[in-house]
């Protein structure tokens, strides 16, 4: 009788643990990779853009050192380029070819790797091109050029 009761109790605990595991999603299932978080930022850029064509990730700078907390904002820096796909098509940008002489934008800000929290703070500025061997980023009133020269 005592062993039946212990067995029944153990069975109930196993059932509770199983149900708890199904209800509480694991942290790793909710965490994005650094690249996935940046691609999500590019999607947001395309959603909020008023420009005619979609942008696609062109270059991704090195990720920051590993941080265990996916909810902590991570600094990010990446470059996007205009594609041939019109924005209204809603086609995934990864399937679009880059537009010849399309606009290029340098983007900086922060992203989180947590799928539940969604704070993105990204600013993108158009890259005006190369001047005297230097890459220049321009805003309405001034340009900043980096590199040789």
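Just so it is clear, glycine is given a Cβ too, placed from its N, Cα and C backbone atoms.
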* Asked: Of the ranges 61-80, 81-100, 101-120, 121-140, which one does Swiss-Prot list as region 'Disordered'?
  -> 61-80
* Structure fact -> In all the protein chains shown, the tally of other Cβ atoms within 10 Å of the Cβ of residue 96 (disulfide bond) is 18
